[in-house]
């Protein structure tokens with residue numbers, strides 16, 4: 001089955017709302033409309049930028065989409081500092097990151113919470129981009145595949161096969177996040193193939209063939225082509241390179257199969 005590539009830009013805690021507008025304008029200028037037929041492009045700004053991005057995307061009728069970097073497992077109530085998926089949906093978000101390694105590491109988010117947030121995203125018609133991945137010490141002892149499959153099961157616990165079909169999965173080896181190190185194309189394929197196999201066990205092989213599985217970790221114009229060319233890699237979650245509009249657009253063009261404009 002042919003799955004449309006997805007390139008998602010995770011801005012992390014960078015850029016105020018003025019800077020966000022400038023970056024989205026740069027991406028739109030650098031990425032001609034014809035490429036959107038082959039690749040979906042989304043940006044994931046900080047919460048405080050979302051309204052400005054929405055106004056620009058809607059006003060200029062841009063084809064890229066946008067989403068958030070996290071959400072609450074709750075819809076409403078006395079949860080100080082939380083952001084509801086219902087609020088994100090009202091802002092026109094299409095996607096939301098769930099379980100990024102930085103949330104798991106710095107905020108102690110475990111698989112059960114990730115599963116609850118994933119369910120909350122789906123409840124509010126948001127597409128959750130669920131992140132899983134291993135630390136270097138796990139890879140070095142050869143347990144990276146089983147670790148990722150276990151993490152996937154925990155992060156999707158309680159979801160129906162139909163719900164699983166509406167999720168995007170990201171394999172982000174923690175040792176490659178912001179380090180400049182990157183998994184080889186073969187490394188990415190090995191784990192993404194195992195993820196798809198596990199999705200087949202959790203839902204069905206048919207559902208697994210429809211789910212987009214991305215790679216994340218120090219992606220750039222030199223390495224993304226080989227990685228997204230792998231059979232089970234359907235795009236990328238881009239970190240630092242997503243803060244440069246021209247570079248991010250180039251990654252999207254490569255994921256679309258080129259040629260560069």
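Placed from the backbone N, Cα and C atoms, the Cβ positions cover glycine too.
Not measured: the values here are computed from a predicted model.
Cβ environment of residue 100 (active site, electrophile): 10, 69, 70, 131, 172 lie under 8 Å away, each six or more residues apart in the same chain. Sequence annotations record features per position, and here Swiss-Prot assigns active site, electrophile to 100.
What Swiss-Prot lists as active site, proton acceptor is 172.
Taken residue by residue with DSSP, residue 218 (substrate binding site) is part of neither helix nor strand, so it is coil. According to Swiss-Prot, the feature substrate binding site maps to 10, 11, 12, 178, 218, 239, 240, an assignment based on sequence analysis.
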Query = What are the non-local neighbours of residue 240 (substrate binding site), defined as same-chain residues 6+ apart in sequence with CB under 8 A from its CB?
reply = 178, 218
Note = One finds that other Cβ atoms within 10 Å of the Cβ of residue 178 (substrate binding site) number exactly 13
Query = Under 8 Å Cβ-Cβ from residue 239 (substrate binding site), six or more apart in the same chain: what's there?
reply = 10, 12, 177, 178, 216, 217, 218, 219
